[in-house]
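Annotated features in TrEMBL:
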type     : residues  : note
DOMAIN   : A:5-208   : domain 'ABC-2 type transporter transmembrane'
TRANSMEM : A:21-42   : transmembrane segment
TRANSMEM : A:48-68   : transmembrane segment
TRANSMEM : A:100-122 : transmembrane segment
TRANSMEM : A:134-159 : transmembrane segment
TRANSMEM : A:171-190 : transmembrane segment
TRANSMEM : A:220-239 : transmembrane segment
Amino acid sequence: MIGLFLAAMRFQAQVVRREPDYLMSLVTIPLLTVAFLAIMGNAGRADLAPYAVMGAALMTIWATALFVSGELIDADRWEGTLEGVLAAPAPYQVAYLGRIATVTMISFLGLVESALIAWLVFGVTFPVPHAGLLVLTLACTAFSMVGTASIMAPLFVLARSARIFQNSLSYPFYLLGGTVVPVVLLPEWLRPVSNAIFLSWASDLLRDCLRAEEPVAAPARLGVIVGLGVLGFGIGHLLTRAVFKRVRENGSVGFA
Amino acid sequence: MTTAAVRVRGLTREFTRRRAQPRLALDAVDLVVEEGEVHGLLGPNGAGKTTLCKILSTVLLPTSGTALVNGFDVVRETKQVRQGIGIVFGGERGLYTRLTARQNLMYWSALYQQPTRMAKAQVAELLERMGLLERADDAVETFSRGMKQRLHLARGLIGDPRTLLLDEPTVGMDPVAARDFRSLVAELRGEGRSILITTHDMAEAESVCDKVSLIDGGKVIGTESPRTIGGWMSKYERVRAQGVPDEVLARLRALPGVSEVRVENDDEVLVSVDAEGAAARVLRTLVDAGVSAVSTSRPSLEEVYLHVIGDRGLAVR
């Protein structure tokens, strides 16, 4: 099982190397970073620069999950490779999780890229007072992002207008996930929805890692991020099984 | 009951679509492919061949009936079925075209749960066997159609399957590649594998199969020996000629076994026959009359079906 997961990760890395369009979100992240930093600078809130960097990166990570990981199964369907994957003896869920893991790992390069842009364009650098916790939070965020993307991939196979569906999951989730604007600043009635999204917990904790004060209840918050990720894996697993059963029933495994 | 490679009983598949009549792709199909046999499924486009292959490879569920592959049920025992089969779906699709041939096969090996070291060795062996070793590290999108088809075949052999399902495997192959493919099928049979091959090419069915089942409109019409298929091809051969004088046309019409003499495009004559040896008699008559622009062609599958089903009084079972 681990062998298959690693082979699928390696395979996806080969795909990304051969198809640079998978990296499109890493091309747009400098624009986001520059825009956020410019707005915050002009508003006289240079102290928010770390938030701008983190926000641009989190938006990129979410967009990659949505538009790249989310399309892996459907892309296989269009290429005519899904039939072969489904007819192979290996558990296809593991293969897709491996591929999603690679995409997610690559999307985290957006954080490095965003920080570099901030430094190169605006000369902004910022200390990381809780570096250990930051790394741990990033790892937990990556884990949960893979789990969440595993829901999207089968979901977009079901959607008749997947592209519209994807777009509708981008900006609302940037907002509800607190990627740029902390959830506490949102209207109160939105908070329960935000709390059900792992990204909002991850965004808050990541920002807290950049502040001098000790983050409050960090282990519990990490637990929530991981817990919601595990929930994502569970839902993704069930949904993938259901979707594959459905396409086998209605004869839409391939488009040929 | 001995374990056949494929045993299909009463297999039916209906496709339902929104605001359209349901389409019956397979209608109570019965079929047995014995172990070690190369069994052809011969039928025109839309006959139900691909639907049957998809059901046997577990990517499509039947509406009713049963199908066993290597003794395992394709609905209830998918894992065991998948472990014992190799599939080749014809056409250009089904490969990761931006990746190299080797990268494709290594991924498929992982999906067949081959340990990496073993996979590397097997992939190299398959690439060599398919004549693709020199291009192993080139992107598949740069391959010719025939090369892609050979890569499909290599993929089908990953995991060393007992039973192979080849769905129109020679589509797009040039005649040389198709001939090489036929030798490969003979080799695979020599290795004791069972093969179900779908095709609409009668010559292919005749040359590679031990048995041929005829399928049309989702029904298996019957199972014949390849020799019978070959007989049909010569029996229903067509002769084309140009510059045939009127009196020769009359002589052709009077020949035994000539079913139709049709003048097309002013000068071109198409002679259809429906008896063994009739084509030879037509050719001799034309040559004796000094007509030199003569060619023969094989009948289409549809024409043969029309003759065969007609001869049997539409005894479709």
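Positions of Cβ are set from backbone N, Cα and C atoms, glycine also.
With Cβ pairs under 8 Å as the measure, the transmembrane segment (A:134-159) is packed most heavily against A:100-122, out of A:21-42, A:48-68, A:100-122, A:171-190. Counting Cβ pairs closer than 8 Å to the transmembrane segment (A:100-122), the top stretch among A:48-68, A:171-190, A:220-239 is A:48-68. Same-chain residues lying 6+ beyond the ends of the transmembrane segment (A:171-190) with a Cβ under 8 Å from its Cβ atoms: 36, 51-52, 54-55, 58-59, 62, 66, 197, 199-200, 202-204, 207.
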